[in-house]
Amino acid sequence: MAARDPSTASNYDAWKTKHTTANLRIDFDDKCLRGSVVLELESRTAKESKEIVLDSSYVSVESIKLNDVQTKWEIKERNGPMGSPLHISVPEGADSGEVVRLEMAVKTTPQCTALQWLTPAQTSNKKAPFMFSQAQACHARSLFPCQDTPDVKSTYSFNITSPHVVVASGVANDGDKAEADGGDKVYKYEQNVPIPSYLFALASGDIAMAPIGPRSSVATGPDEVKECQWELEEDMGKFMDAAERLVFPYKWGEYNVLVLPPSFPYGGMENPIYTFATPTIISGDRQNTDVIAHELSHSWSGNLVTSCSWEHYWLNEGWTMYLERRIIAAVRGPAYFDFSALLGWKHLEDAIEEFGADHKFTQLCINHKGIDPDDAFSTVPYEKGFHMVYYLDRLVGRKNFDKFIPYYFTKWANKSLDSYEFKDTFLEFFDKPEYADLKDKIAGIDWEGRFYTPGLPPKPEFDTSLVDVCYALADKWKKGDYTPSSKDVDGWTGNQKLVFLGSVQDFEQPLSAEQAKQLGNAYDLIETKNVELKTAYYLIALRAQDSTAYQGVADLLGQVGRMKFVRPLFRALNKVDRPLALTTFEKNKDFYHPICRAMAEKDLGLSDDAKKE
């Protein structure tokens, strides 16, 4: 197969990684990973390819052996975020299907974009340092040279030495835990389902565990483990049962959740076996567990069946949003599918407004040539991708679509695909005689338009029963002289409050500073532990230029590192008080993950790219 991912320099059309062994020591003093990584690569040519090209970025390579013999290698000039390709000589080439063994002595550097190191002071109980990795989209190459593309999948063995507990994206071999030099332990994990490089994950620190379901545990700091267990245990088993009924049985053995320190930049990262999750889902009210339904859904869409490049990322995220909403509807009731989709529509509108309706990043399929995938990251592949899947569901009917779901995930399990292969799979399935009555409908699908038209997709009719009350309250506020009461939102879910706040954010005329204050006080949005609600409220207060809220915004920006909150808050604070925005960023920049820090710099006009624009 020809290489089709523009975000990799690797020649994966000539060589394909089959197994990866990571023998790494976590060095908290030097803030680096060091050790050896072994790649077993299968030749895909008949001795024509005389070199293996791997992705690398800011990683130190000390030596390389090919089949246990030292070989020539060279790190080429850096090409921006794509990194510096590593060229390794294979003088004799290899027969097609032959597997060669590449052993590399490696060490990460301070420029590594995949790791975050926290001092004991940055953790909750202040007892031990903490380290975690975040490899998506193209950051695995800064951990060790690899074929850093979702179009290549490999099984993994992890042998990780650390003075503190280690979790990794595999199943633990607890019986194999061994003492290493200096009292450190070697933690062994195996991942027997082939996964792409971006799902390689490690974390280490003072970590405790508690069960949250028959196949699931939560891992987090010892002081938080009880509240995390309470937050997640009610829904975990229900989510798993609903997911397995919808697709087919879970293939990964265990499903665990690692709740990370607050500087984790995403809501969740679907690392297999261990979802890495933001602590902002632990809100004390069980209102933000949808993130777990989302990350669990990735066990089928994204992790088992994977988009072949970030250009087709909607195949991961659009499908996952669809499965998440089906799971939530199965557990909480059918109206919650539409309710969540309406919330998502608002996020999609916001993202498209931020980019501009004609921007190429608002297309479903994006040309990534010369583009850093992190720059294109937004709600678009999630929500516009969801609308692509949901459109097909409505077109053929739920009963028929539910038969397609397991067919699709079975056909592409352990493989990667692009949008056209998805299209062909859909057409192939519905070409059966029993679906003859759908022939004209399916022939009318404008695939090219759906894939490449920028801006909002057509909006379907949604069941608004759960949101009508939210819009009604927003209408009262729009009149400008409304006196609020805490009873206005009695019995509302956190998401209903979010819909209401989203409507207020969209008012043509912002609230007055006084109204914004009343809103925060009456509905307990200033003291809430729910960061989703607090952020939505602060965006209203900033637009209202309520200066009494500015310091609260700055404080929150020092407590959370999730980009969903950090980026819009910095953009909004920057509009009303740039000096405070800049001092807040300066004060907290080392708290943020490198990915979040780079994005916030762009939002504040501090990065070299932003200065050029």
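Every residue gets a Cβ built from N, Cα and C, even glycine.
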Handout entry: Swiss-Prot annotation, Zn(2+) site containing H294, H298 - matching residue among E311, E317
Key = E317
Fill in the blank from the handout: Ordered by sequence, the long-range same-chain Cβ contacts of H294 (Zn(2+) binding site) under 8 Å (at least 6 apart) are G267, G268, T320, M321, E324
Completion exercise
CA-CA within 10 A of Y382 (active site, proton donor), subset of binding-site residues Q134, Y266, E270, E317 in residue order, equals E317
Practice task
Compute the C-alpha separation of Y266 (peptide binding site) from E295 (active site, proton acceptor), stating it in Å without decimals.
Solution key: 11
Fill in the blank from the handout: Rounding to whole Å, the Cα atoms of H298 (Zn(2+) binding site) and Q134 (peptide binding site) are apart by 16
Problem - Additional residues surrounding Zn(2+), by Cβ distance to the H294, H298, E317 centre under 8 Å - result: G268, E270, E295, S297, S301, G302, N316, W319, T320, M321, L323, E324, Y382
Exercise for the section: May I ask you to report the DSSP-based helix, strand or coil state of Y266 (peptide binding site)? Expected result: coil
Exercise for the section: Using all protein chains in view, find how many other C-beta atoms are within 10 Å of the C-beta of E317 (Zn(2+) binding site). Expected result: 24
Handout entry: H298 (Zn(2+) binding site), number of other Cβ atoms within 10 Å
Key = 24
